[in-house]
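Scroll down for the structure; my scribbles are underneath it.
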Amino acid sequence: MNENVLILAIETSCDETSVSIVENGKTILSNIILSQIESHKRFGGVVPEVASRHHVEGITATVEEALEVANVTMDEIDAVAVTQGPGLIGALLIGINAAKALAFAYDKPLIPVHHIAGHIYANNTEDPLTFPLMALIVSGGHTELVYMKSHMNFEVIGETRDDAVGEAYDKVARTIDLPYPGGPEIDKLAATGNDTYHFPRVWLEKGSYDFSFSGLKSAVINKLHNQRQKNEEIVKADVAASFQQSVVDVLSTKAVKACQEYNVKRLIVAGGVASNKGLRHRLTELCEENKIKLSIPSPKLCTDNAAMIGAAGYYFYEADITAGLDLNGQNNIDIEEATIE
Ligand code: KG4
Ligand code: ZN
C-alpha cells in the first residue's frame with residue numbers, strides 16, 4: 001500500500017455540493033458541504049434541474065475551499081475521486097465533469113465511486129471497517145442490507161421492493177405539513193409522541209430480508225384522511241412516533257437477524273436515515289443484547305458528503321480501479337457491480 005495517499009473527492013449526486021480531502025481512506029482533512037435544502041424547501045422536495053444549476057454555481061468555490069481548509073495544493077493530491085452513481089443524472093454530471101477537468105489539468109488518476117459504497121465507507125473515517133460485516137443502508141433513495149466479507153466486496157441480501165425509507169419519511173412528513181426534508185422533522189416530533197396509532201409492520205415472507213414501505217405510507221395517509229373526514233383531532237406527534245416505531249421495528253429486527261444468520265459480529269448503518277435517533281437507540285439496545293458491535297457515523301457523515309467518497313475512493317485507488325475521461329454518470333447502478341474481486 002502507498003503511504004499517505006491524498007484523495008480529492010467530489011459528491012454531487014443529489015442536493016449537496018461537497019468536496020473533501022481524505023488521507024488514506026480514513027483521515028478527513030476537509031469536508032465542505034454546500035447544502036441546497038433551503039432552495040428546494042419551497043418545492044417540497046428536490047427539483048433535479050434546480051439541483052444541477054446549484055451544483056454548477058457552487059462546485060468551483062467548493063473545490064477551492066476544500067483545498068484551502070486541508071492546506072494542500074492540487075500538486076500534492078494523488079487522485080480525484082467522484083460519485084459515478086446512483087443519483088440524479090444531471091447533478092452527477094456536474095461533479096463528474098469537475099473531477100475530469102481536475103484529473104486532466106493536473107494529470108491525476110480519476111476514480112469512479114459508487115454512492116452507496118461511499119455511505120458505507122463513511123464509517124471507515126471514524127471506526128475502521130472490520131470484516132465480515134453487515135451494512136444497513138437507509139437513505140432517501142436506498143434501503144438495503146449489504147453483506148461484506150472483505151473490503152470492497154458487496155453482496156446485497158435484501159432491499160426495498162418499493163419506497164426507500166427516507167422517501168417514506170419525506171412523504172409522511174408532507175401529509176402532516178412538515179417541511180422538506182421530512183426525516184429529521186419526524187424524528188424530532190416522534191420524541192414527543194407515543195405509538196398510539198399502531199401502524200402495520202411489513203415483514204414480507206418468512207426469512208426475507210427485503211423491505212416494503214409503501215403499504216405503511218398508505219396506511220398513514222389513509223388513517224389521516226379518515227380522521228380529517230370525521231373531524232377527529234390529529235395528534236401529529238403521535239403520528240410521527242407511530243410511523244417511526246413501525247419503521248424502526250422492521251429495520252432493526254431484520255438487520256440484527258441478518259447478522260445472526262450470516263454470523264457477523266459487526267453492524268454498520270449508513271445513509272441519511274442513520275442519523276435517526278429512534279433507529280440509533282433501538283439498534284444500540286438490540287446490538288448490546290446480541291453482542292454485535294454497532295457503528296453509526298456521526299450525523300454530518302450520515303447524509304451526503306464527499307469525505308465518504310474519498311474514503312471509499314482510496315480502496316478503489318489501491319486496487320487500481322480508474323476511469324478514463326469518457327466516464328459517464330449512471331443514475332441506477334447496483335452496488336454489487338462495485339465489488340473488486
Ligand atoms: O443519504 P441521504 O443524505 O441522501 C440520499 O442518498 O438519499 O439521505 C437523505 C434522506 C432524506 O430522505 C431525509 O429525510 C432522511 O435522509 N433523513 C432522516 C433523518 N435525517 C435525514 N430520516 C429520518 N430521521 C432523520 N433524523
Ligand atoms: Zn446518499
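Glycine residues also receive a Cβ, built from the backbone N, Cα and C atoms like all the rest.
Nobody curates TrEMBL annotations by hand; they come from automatic prediction.
Summarising the annotation, TrEMBL assigns Fe cation binding site to His115, His119, Asp304. What TrEMBL records for Ile137, Val138, Ser139, Gly140, Gly141, Asp170, Gly183, Asp187, Asn276 is substrate binding site. What TrEMBL records for 27-310 is domain 'Gcp-like'.
The subset of binding-site residues (Ser139, Gly141, Gly183, Asn276) lying with their Cα within 10 Å of the Cα of Asp304 (Fe cation binding site) consists of Ser139, given in sequence order. Between the binding-site residues Gly141, Asp304, the minimum number of other C-beta atoms within 10 Å of a residue's C-beta occurs at Gly141.
Counting in whole angstrom, Gly183 (substrate binding site) lies 20 from His115 (Fe cation binding site) by their C-alpha atoms. Other residues of the same chain near the Fe cation site, with their Cβ within 8 Å of the Cβ centroid of His115, His119, Asp304, are Glu11, Ser13, Thr83, Gly87, Ile116, Gly118, Ser139, Ala270, Gly271, Asn305, Met308, Ile309. The number of other CB atoms found within 10 A of the CB of His119 (Fe cation binding site), across every protein chain shown, is 32. Taken together, the residues of the domain 'Gcp-like' (27-310) have an average pLDDT of 95. Long-range Cβ contacts of His115 (Fe cation binding site) within its own chain (separation 6+, distance under 8 Å): Glu11, Ser13, Thr83, Gln84, Gly85, Pro86, Gly87, Ile309.
The two recorded residues Asn276 (substrate binding site) and His119 (Fe cation binding site) have their Cα atoms spaced 15 Å from each other. On the backbone, the CA of Gly141 (substrate binding site) and the CA of His119 (Fe cation binding site) stand 12 Å apart.
Taking Cβ-Cβ distances under 8 Å and a sequence gap of 6 or more within the same chain, the neighbours of Ser139 (substrate binding site) are Ile116, His119, Ala164, Val165, Gly166, Ala270, Gly271, Gly272, Val273.
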